[in-house]
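Below: the structure, in structure tokens.
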Amino acid sequence: MTMQPDALGARIGMWLFLFSELLLFGGLFLLYAVYLARYPADFAAGGQQLDALLGTGNTLLLITSSLTVALALSALQQGRRQLCQILLCATIFASLLFLTIKGVEWQAKFAHGIFPGGTELESLPVGQQIFFGLYFVTTGLHGLHVLVGAALLLWTLGLTHRGQVTAENSVMLENGALYWHLVDLIWIFIFPLYYLLL
Amino acid sequence: MAKQNDRGFLQASNRQPLLFDWIFSVDHKRIGLLYLYSVGAFFLSGVLLGLLIRLELIAPGPTIATAQTYNALFTLHGVVMIFLFIIPGIPGAFGNIMLPLQIGAQDVAFPRLNLLSWWLYILGAFMALTSLFSGGGPPDTGWTFYVPFSSETPTNVSLALLAVFIIGFSSILTGVNFVTTIHRLRSPGMHWGRLPLFIWSLYATAWVQILATPVLGITVVLVMVERIIGFGLFDPARGGDPILYQHLFWIYSHPAVYIMVLPAMGVISEIIPVFSRKPTFGYKAIAASSVAIAAAGSLVWGHHMFVSGMSDTAILIFSLLTFLVAIPSAVKVFNWVATLYRGSISLEPPMLFALAFVFLFSIGGLTGLILGSASTDMHVHDTHFVVGHFHYVMFGGTGFAFFAALHYWLPKIFGRLYNMKIATVAWAIIFVGFNLLYFPMMLVGLRGMPRRYYDYLPHFQGLNMVSTIGSWVLAIGLLLMFINLYRGMRRGAFAGNNPWQAATLEWVPTSPPPEENFSHPPQVTHGPYDLEQAGKP
């Protein structure tokens, strides 16, 4: 009796893991909710200082990359391996661009003395300090997930190239794409909460 | 039928297995044994730390350690026992070995992920131990890592937190693996109504692991960020709120109590019908109560914080929800007792430990109601009463179930039996020592002795002395039990495939089971406790 590859099982496992990722961020959203209720004016003032343009750009990038990774999966399932690889490369490129923009954004904040231990941050009202603390932790953790997702897709790209991920055995790419959609989804919550609503 | 001296998965190939054949094995039984050996080792080190704590408390004033060392001792005792023994103990060791066997599968759904879980667990344990000897010295915060102390203390808390994060990751992956396995790999005929109750309890546990552990993950990450970078998210001086830390911490750590105790209840639900020779009473109620405990237990974290400054409404709600958990727990106890009623009871060692579980867990559960009720909790909060209570639940409950599982399943895993008489004597010593150790704690707590204090007033000495003597009795009993089990698994009498005449699937293959478990998926035709069918596949 040998184990059969179980694509549905692998998908169930990935979904369960994604639940746990959602809850990881759930803790941060919980803190956001409590502190927003406590310091609404400070949060509004903090939100004004974030660059909505860069945030929008990043949102567009992530949504587009979700599209490309979904197209990559369809391409693979239709047996168009080269197209699949190009689309995966596009996704990975988008993720790097996302991180670059995020870096520019952080850099601009740092330049204004808004960084942990920075004098400018320390002089702000406590509510704004909390806001920027949460902003850095949340976007930092999300950025880390972008990095992990990109690495995962890069690895899958390699497996596709070596013919180990194919039209018949595409669950690895499916799960990578699922993970990527999660990264996108979490950003879809972060973006309005930090850049738009306040 | 295979030869009696067939060593099954223990020696799958023709040569003697090397260390590498074990630590890189993806066989669930070998991984389970790796867990068993490692949790066993950590249990013994936790016991040693506990003995030192009790020795320090034998008399007022400094006895064997300084106050700082004492803080490190109880922190470490807590971290080792909770994160390295109780949480991974039964699911990691017995869950891994028995889950595929009991549902008639060849392995878990993700064997390599399973190995990764063990490696992460060992990595985390290694880091936790390293935190003792490096940086600013052993953490002294208590296992709860409460801020603001944990974000301020110069001891090596960051590394310990990273260790907890990694062990939590391992726990999540085990949960993902178990849920998928139970959904996908059941044998033909093994529908949900025929799932052994141990599997039901693992299923409920796995969901709690998946849904609660990430919250602990983000919590310890935030404390680490706080220590390393410092945003003041929990610092009241900078607008943060330490109570929020406590909420986040207990949102995980209270459900974690059920990660610890649900598999234990599953073990007891396996043993009691077999040694009463009766189908379990209320199979569906026991299965459903596992799920109900997992669900209700996730909503009660606030009862750890009655004196922290929550609103009265919140206290009322959390108190009510806490009482609700007592219902499914009591359903289990009543069903076990009803299974015993008019059963043909044989008091062999697994059964003795199971009965001790029911007794001790009931004491632990009933004293839990005293803590769940806000008014009485105010009186005994953070006293030794709490210490006594949770040791009755955690050790009297999960610990005894772990021992019961050892006595019940070791003959399956190693194909050999231990000495029954010595096992019975060891059980008796452990039982007496346990009650000598923990019952006086509840009394001294009711009289007002706080927990975690290095020193106490002279009039608490009598009960503390009894408690410390109890700790030695308990340790002697544990030593005797482990020596007996070790001798048994080395050169005990051959056990045969099914020494207890049980009806669950794990007893069908040879003992020890062959590497591939079943040559073909077994066709399941009867429930797990139809004992007349015992031994028939």
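Glycine is no exception: its Cβ is also placed from the backbone N, Cα and C atoms.
Bear in mind that TrEMBL entries carry predicted annotations, made automatically and left uncurated.
Now, the feature entries from TrEMBL:
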| type | residues | note |
| --- | --- | --- |
| DOMAIN | B:22-525 | domain 'Cytochrome oxidase subunit I profile' |
| TRANSMEM | B:33-53 | transmembrane segment |
| TRANSMEM | B:73-94 | transmembrane segment |
| TRANSMEM | B:115-137 | transmembrane segment |
| TRANSMEM | B:157-179 | transmembrane segment |
| TRANSMEM | B:200-229 | transmembrane segment |
| TRANSMEM | B:249-269 | transmembrane segment |
| TRANSMEM | B:281-302 | transmembrane segment |
| TRANSMEM | B:314-338 | transmembrane segment |
| TRANSMEM | B:350-370 | transmembrane segment |
| TRANSMEM | B:390-410 | transmembrane segment |
| TRANSMEM | B:422-443 | transmembrane segment |
| TRANSMEM | B:463-486 | transmembrane segment |
| REGION | B:511-537 | region 'Disordered' |
Pairs of Cβ atoms less than 8 Å apart decide it: which stretch in B:73-94, B:157-179, B:281-302, B:422-443 has the most with the transmembrane segment (B:314-338)?
B:281-302
Non-local residues, at least 6 beyond the ends, that sit with Cβ under 8 Å of the transmembrane segment (B:463-486):
40, 44, 47, 50-51, 54-55, 57-59, 403, 406-407, 410, 418-419, 422-423, 425-438, 440-441, 443-444, 447, 449, 456
What same-chain residues lie close to the transmembrane segment (B:115-137): Cβ under 8 Å, and 6 or more beyond its ends?
24-26, 31, 34-35, 38, 42, 72, 76, 79-80, 83-84, 88, 92, 153-160, 162-167, 169-171, 173-174, 177
Take the C-beta pairs under 8 A between the transmembrane segment (B:249-269) and each of B:200-229, B:281-302, B:390-410. Which stretch has the highest count?
B:200-229
Counting Cβ pairs closer than 8 Å, which of B:33-53, B:73-94, B:157-179, B:200-229 has the most of them with the transmembrane segment (B:390-410)?
B:73-94
Any residues 6+ beyond the ends of the transmembrane segment (B:200-229) with a Cβ under 8 Å from its own?
91, 95, 99, 145, 147, 150-151, 157-158, 161-162, 164-165, 168-169, 171-172, 174-179, 182, 235, 245, 248-249, 251-253, 255-256, 258-259, 262-263, 265-266, 269, 286-287, 290-291, 293-294, 297-298
Whole-number mean of pLDDT values that fall within the domain 'Cytochrome oxidase subunit I profile' (B:22-525):
93
The region 'Disordered' (B:511-537), counted residue by residue under DSSP: helix, strand, coil:
3 helix, 0 strand, 24 coil
